[in-house]
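Asks: I am attaching a structure below and will ask some questions about it afterwards.
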Amino acid sequence: MLKALFLTMLTLALVKSQDTEETITYTQCTDGYEWDPVRQQCKDIDECDIVPDACKGGMKCVNHYGGYLCLPKTAQIIVNNEQPQQETPPAEGTSGATTGVVAASSMATSGVLPGGGFVASAAAVAGPEVQAGRNNFVIRRNPADPQRIPSNPSHRIQCAAGYEQSEHNVCQDIDECTAGTHNCRADQVCINLRGSFACQCPPGYQKRGEQCVDIDECTIPPYCHQRCVNTPGSFYCQCSPGFQLAANNYTCVDINECDASNQCAQQCYNILGSFICQCNQGYELSSDRLNCEDIDECRTSSYLCQYQCVNEPGKFSCMCPQGYQVVRSRTCQDINECETTNECREDEMCWNYHGGFRCYPRNPCQDPYILTPENRCVCPVSNAMCRELPQSIVYKYMSIRSDRSVPSDIFQIQATTIYANTINTFRIKSGNENGEFYLRQTSPVSAMLVLVKSLSGPREHIVDLEMLTVSSIGTFRTSSVLRLTIIVGPFSF
């Protein structure tokens with residue numbers, strides 16, 4: 001009895017001695033745990049609460065010792081070796097921590113979980129037991145405190161795959177992308193994850209099998225406003241002629257060519273996607289549709305001017321011959337030089353005709369005729385020479401345009417003195433050798449001179465029109481002459 005008591009006391013002493021020698025202060029915890037100053041121990045971090053969208057692809061997040069698991073929403077959970085229960089799937093991304101969870105065996109061994117979950121370290125898990133069921137995987141584990149990290153720098157800890165011990169004796173993630181220990185292809189981008197890594201395709205590419213292939217953004221409308229050009233890993237937008245890309249590099253806006261680079265020679269009008277040039281009056285667009293060429297209006301029509309058309313840059317003007325003036329821009333009107341200026345002497349009278357003027361003597365009477373106050377040349381009865389001559393001669397002047405249309409009444413002759421019981425007859429005494437005129441009697445005392453052949457000027461034509469007066473009983477016979485000077489102008493206006 002005394003021997004047993006002695007052994008017991010010795011054992012207690014040894015235990016007490018060992019506890020005293022191995023006392024170590026713990027203030028740091030492994031990944032997945034944090035120090036609880038109240039309870040003075042490491043406690044598990046619920047990543048399902050603090051990690052946004054911890055699980056992807058419709059998986060549910062279940063907290064795990066030192067990490068978390070991503071499980072199908074229909075997975076079953078066995079708690080403390082009880083029978084499986086169908087768990088109502090929680091909302092995506094919500095916490096589902098429990099003492100027993102369903103997971104694939106590969107999850108527990110590798111530490112990398114589908115959908116993003118991971119197990120922090122083997123020491124923290126405290127040795128979970130994985131069993132495969134018919135429709136589920138069962139992890140049976142004994143809850144254990146996480147491994148605390150001693151302050152002794154020489155102390156070695158065991159880290160999960162994808163982690164390594166740091167100089168502060170904590171498990172830290174291995175950056176496989178920086179270390180070059182990943183197996184991503186040359187056309188892929190390595191993305192470091194906690195405890196692992198992922199191979200992604202660069203922007204503009206998508207994974208097809210094990211390769212990254214270009215995404216043809218142009219087949220996914222509406223990227224570009226007008227035209228899309230696909231390039232390896234990207235794309236760019238183009239605009240049709242007359243448009244340019246806006247600041248967003250997507251929308252096409254109209255280019256105002258009239259403001260930016262006006263190519264029009266005269267007038268520019270901007271339209272959507274293009275522009276048009278117009279010319280001022282008197283010009284027309286050339287074949288290049290940009291420059292303007294003068295329109296030779298004089299060649300387009302022969303009826304613009306009455307006499308002569310003169311082309312000028314952008315316009316035209318009309319000219320008239322000497323003796324005429326331009327009226328209403330196109331018509332020629334005779335200038336009456338007798339009213340403005342003339343070179344006739346005092347003993348001459350000025351006679352205006354179409355296109356000019358002429359000076360005639362104020363006293364045209366020739367011997368034996370004498371001038372009367374009525375401007376008539378009368379042959380005195382007392383003069384024997386007058387017996388075979390017309391009793392009187394009257395001088396008249398008229399002007400007609402060249403090439404006047406025929407037949408045309410041009411002059412009327414009428415008796416100034418009417419005698420009773422007399423008969424008057426009219427005839428062309430001279431000046432009608434070529435038959436240009438015809439005298440038509442219109443009444444017993446008058447007749448009309450008719451132009452029957454066109455006359456071209458400039459020329460002067462003198463016609464003697466005679467009126468014979470005979471008494472009805474034949475007692476006397478007399479003759480009077482009207483000497484008509486017809487001046488034909490040089491033009492038809």
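Numbering starts at 1 and runs along the chain as it is shown here.
Even glycines carry a Cβ here, placed using N, Cα and C.
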Asks: Among CYS365, CYS379, CYS386, which cysteine does Swiss-Prot link to CYS377 through a disulfide?
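Replies: The record-listed partner cysteine is CYS365.
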Asks: Pick out which of CYS212, CYS218, CYS237 Swiss-Prot lists as the disulfide partner of CYS224.
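Replies: Swiss-Prot lists the disulfide between CYS224 and CYS237.
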Asks: Choosing among CYS320, CYS344, CYS350, which residue does Swiss-Prot name as bonded to CYS338 by a disulfide?
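Replies: Checking Swiss-Prot: disulfide partner of CYS338 resolves to CYS350.
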Asks: From the disulfide entries in Swiss-Prot, identify which of CYS159, CYS190, CYS199 pairs with CYS177.
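Replies: So the cysteine that Swiss-Prot bonds to CYS177 would be CYS190.
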Asks: Disulfide-wise, see what Swiss-Prot says CYS218 is paired with, picking from CYS212, CYS228.
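Replies: In Swiss-Prot, CYS218 forms its disulfide bond with CYS228.
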Asks: On average, what pLDDT score does this prediction assign to the domain 'EGF-like 4' (254-293)?
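Replies: Mean pLDDT for the domain 'EGF-like 4' (254-293): 94.
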Asks: May I ask for the residues of the chain that lie six or more residues beyond the domain 'EGF-like 3' (214-253) and have a Cβ under 8 Å from a Cβ within it?
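Replies: Distal contacts: 202-206, 272-275.
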Asks: Translate the DSSP assignment of CYS292 (disulfide bond) into the three-state scheme.
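Replies: Looking at the DSSP assignment, CYS292 (disulfide bond) belongs to a strand.
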Asks: Drop a 10 Å sphere on every Cβ of the disulfide-bonded residues CYS218, CYS309 and tell me which sphere holds the fewest other Cβ atoms.
Replies: CYS218
Asks: By a simple count, how many Cβ atoms lie within 10 Å of the Cβ of CYS228 (disulfide bond), its own Cβ left out?
Replies: 19
Asks: Given the disulfide-bonded residues CYS201, CYS252, CYS264, CYS309, state which is nearest to CYS228 (disulfide bond) when distance is taken between Cα atoms.
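Replies: Its closest listed neighbour, by Cα, is CYS252.
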Asks: Which one of these disulfide-bonded residues has the most other Cβ atoms within 10 Å of its own Cβ: CYS184, CYS190, CYS332?
Replies: CYS332
